[in-house]
Amino acid sequence: MPLFYETEVRSRLLLGTARYPSPAVLAEAVRRSGTDIVTVSLRRETAGGRQGGAFFELIRELGVRVLPNTAGCHSVSEAVLTARMAREVFGTDWIKLEVIGHQDTLQPDVFGLVEGARILTGEGFQVFPYTTDDLVVAERLLEAGCQVLMPWCAPIGSAMGPQNVQGLRAMRAEFPDVPLIVDAGIGRPSHATTVMELGYDAVLLNTAVAGAADPAAMAEAFTKAIDAGHAAHGAGMLEPRDMAVPSTPVIGKAVFS
């Protein structure tokens, strides 16, 4: 089972809670997915209001662990402030740290990310950093105190699937003992299977489920795909070959001359 900051979870799917058609649809998707962890974006305008209160009550009723995030933050100071507020609201040291560096692609500001991680780990936070597949940045995040890495496979919400499989493979090889969660860009269950076959520990999804015609059914499909990819990696898959290899034995085969 995956282990994140000494916390063991059963499911390898982390599910976002934004953009669902209704709270009821969200609740059913969470249940069908079997997830242990949901991500929540803290907003000042709803945290203390009636809408925010009802949403947080729904999350509590689902009995899942909350991973607050700093989505939408474009500076270190904004991300750190949001993280501190989230700790007060949710009573957890977990934080998914996002520092956005580019408005159109929502690419992480990796320099701000490392700085923010250093500040927050110094304050006792357990940081889940949304990052790229750059190995140097990953090393800096680990040096800053992170014990989990969350590389993207494509821009947030793009549904493009893994754009740099070799980069993701290299990260897994470079950090074999670090929990790795693919975050952002997954669009189909087959995408999730692909990254799990590389040996990743988990996948974080939101748009691919929330935007589906049937979010609850899609959540269940992703769970099955993730489990299949994980099982395939553990079973030991064949490596691609350049040439054909006969799969049918030739012993006892008739020879015509």
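Cβ coordinates are placed from backbone N, Cα and C, and glycine is handled just like the others.
According to Swiss-Prot, the feature active site, schiff-base intermediate with DXP maps to K96, an assignment based on sequence analysis. Annotation note: K96 (active site, schiff-base intermediate with DXP) sits in a strand segment as assigned by DSSP. Same-chain residues at least 6 positions away in sequence with a Cβ under 8 Å from that of K96 (active site, schiff-base intermediate with DXP) are, in sequence order, T39, L67, P68, N69, T70, F128, P129, Y130, M150, D183.
Look at Swiss-Prot and you will find G157, A184, G185, N206, T207 tagged as 1-deoxy-D-xylulose 5-phosphate binding site. For N206 (1-deoxy-D-xylulose 5-phosphate binding site), other Cβ atoms within 10 Å of its Cβ number 23.
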* Work through the binding-site residues one by one (G157, G185) and point out the residue whose CB has the fewest other CB atoms within 10 angstroms. => G157
* Structure fact -> For A184 (1-deoxy-D-xylulose 5-phosphate binding site), the same-chain residues 6+ apart in sequence with C-beta under 8 angstroms from its C-beta are L106, Y130, W152, C153, A154, P155, I156, G157, S158, L204
* Write out the long-range same-chain contacts of T207 (1-deoxy-D-xylulose 5-phosphate binding site), meaning residues 6 or more apart in sequence whose Cβ is under 8 Å from its Cβ. => G16, R19, I156, G157, A159, G187
